[in-house]
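In what follows, a single structure is set out as structure tokens and then discussed.
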Amino acid sequence: FTEREFAERSEVKDNVEQTGPQLKKEILYSVDDSPPIQLTILLGFQQYLTAFGGLVGAPLLLRKFYCIDGDNEGLAQIIGTVFVACGISTVLQTTLGVRLPIIQGATAAFFGPIISVLSQPDMQCPYTAIQNNNGTSETLPPLGSEGHKEIWRERFRLIQGSMLVASLFQVFLGCSGMIGVMLRYIGPLTVAPTIALIGLSLFDIVADFAQGQWYIALSTSLVITIFSQYCKKLSIPCCQYSKGQGCKCEKLPIFQLFPKVGCFLRVKNRWGYQARTDIKTSSLSSSPWIRFPYPGQWGTPTISAGAVCGMLAAIIASVVESIGDYRACAKLSEAPPPPDHAMNRGVAMEGIGCILNASFGSGQATTSYSENIAAILITKVGNRQVTIAAGLLMIVFGCLGKFTALFVALPDPILGGIALITLGMVISVGISNYQYVDLNSSRNLFIIGTSLFVGLTVPRWVSENPASIHTGVELIDQILLILLRTNMLVGGVLAFILDNTIPGTKEERGLLIWNAGAQDSNKDTVCKTYDIPFIQTYLNRINCLRFIPICPTYQPGNCTRKKRNYNL
């Protein structure tokens, strides 16, 4: 679109009448729009760039616990596996799941359980233990050897099996329609701290990334800030070719569409050794050009009862997070509020995505990426086709061995600088849910302050004093440690209990505006937005599907249908 069309489109979006507290509408491409194919690919690549920090950061953060640190080739394979599995999950979620522009990626909700499981005495990395004791051992195989690979593969197989079993519960939770029951009790006061604590709990990890060279990290954040905020109205002349008109020069709001591309201009810098990209290049020579990840590539998964319980706790927290993500994404992308059947499909599809990740052996689980939802505020693009393009790019790039090996050499300060902005936006998206509640109510202020502060302090204390949890039963101790170390679970559960036990009106709790979308779910625009593509006409002819909670014809949910004709 041209500069004039961009201005007209933004003006129309800004003048849309809204009910209840809403963000100012500046979306360039909403959910059901169809951008040009070349722009779709470019915007999909932008979404990929937004997500890759978390996709790459997850295995990099956990590499020492998995005992894969030192095997750069194996780490590159893990990164490629994460890309492929999350790409498949993104395409499935966007087309058949909740059908909102949500990237599926590695979730920090599982970091606590994974670290706790791998920190058990029988699963501790022997190389890390030797480094902590400043000793050497001739019995350990060299780093990168087959013996070393078997050590970290054993740990991946344990997380694989435990995650596979726990993910079945998430699939059941979505397919059974229990999400609709949960929505009656989960409101803004529960969702807001759950999402906000994701970013607040990771500040120390971001600091660890950035501390290698703070100048590079802060300058990366500065470039993103300049591009996304100060230069968002600046249009750049670009050559454009159209059939019938030939080549012509048009102005495009490049900085508003691609605010994060400029951060990579500072990767090559002379200020610090930690910011150099040539200190971990051994993986480039040892990695193959093309490698296709496949299920069971690390061997047969194993199961631990304690690990399964830990994964279940993380899944519950992830589901609560996703409920808020669906609503936030729908609001930011100018989509109607998702009805019950869309929520159910979304949660079930996230469970299937976790099963895919576990079977492929990525060592991670998937959830809705709050970073990419927050990026809608920056890019002003919340489009389904763009997200599908991002998922396909993740699959393609994940199969390129040399490409994934590049991320092993990515400087930590660059990731830290990007995380300073994206995780800050995650916090703001979570806090924005408080706009629905009465902030003049002392009841609500008590719940907000208590849930956020307890959600930060209790996990920190438990992490520093694990010996304080001692019930006499090792399995119970392990489960309690995993639960109490998860910030968003502690804060979210406390907010849930307080919000549903302290007396308060629905208006005071924000439930009236929060659930206002349920009254609009009878509109055709809502139903069409969340319909299953290509086969919806045939599904409407099967009457028994109205009892299936994940089907768009599900009558007990929010979307009560009338018979109508579809033009597909």
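We number each residue from 1, going along the chain as drawn.
Cβ atoms here come from the backbone N, Cα and C positions, even for glycine.
Note: TrEMBL annotation is automatic and uncurated.
Here is what TrEMBL says about this protein:
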- 37-62: transmembrane segment (TRANSMEM)
- 74-92: transmembrane segment (TRANSMEM)
- 98-118: transmembrane segment (TRANSMEM)
- 158-179: transmembrane segment (TRANSMEM)
- 185-206: transmembrane segment (TRANSMEM)
- 386-408: transmembrane segment (TRANSMEM)
- 414-433: transmembrane segment (TRANSMEM)
- 445-463: transmembrane segment (TRANSMEM)
- 475-498: transmembrane segment (TRANSMEM)
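The stretch from 98-118, 185-206, 414-433, 475-498 that makes the most Cβ contacts under 8 Å with the transmembrane segment (158-179) is 98-118. Taking Cβ pairs closer than 8 Å, the transmembrane segment (386-408) reaches residues 29, 35, 40-41, 43-45, 47-48, 51-52, 55-56, 72-73, 75-77, 79-84, 86-91, 94-95, 101-104, 280, 283-284, 286-293, 372 in its own chain, all 6 or more past its ends. Contact counts against the transmembrane segment (98-118), taken as Cβ pairs under 8 Å, peak for 37-62 among the stretches 37-62, 185-206, 414-433, 445-463, 475-498.
Contact count against the transmembrane segment (445-463) (Cβ pairs under 8 Å) is highest for 185-206, out of 37-62, 74-92, 185-206, 414-433. Taking residue pairs at least 6 apart in sequence, the transmembrane segment (475-498) and the transmembrane segment (37-62) share fewer than three C-beta contacts under 8 angstroms. Here the transmembrane segment (475-498) has Cβ contacts under 8 Å with residues 109, 112-113, 115-117, 120, 185-186, 189-195, 197-198, 200-201, 305-306, 309-310, 313-314, 316-317, 320-321, 446-447, 450-452, 454-456, 458-459, 462-463, 466, 469 of the same chain, all six or more residues outside its ends.
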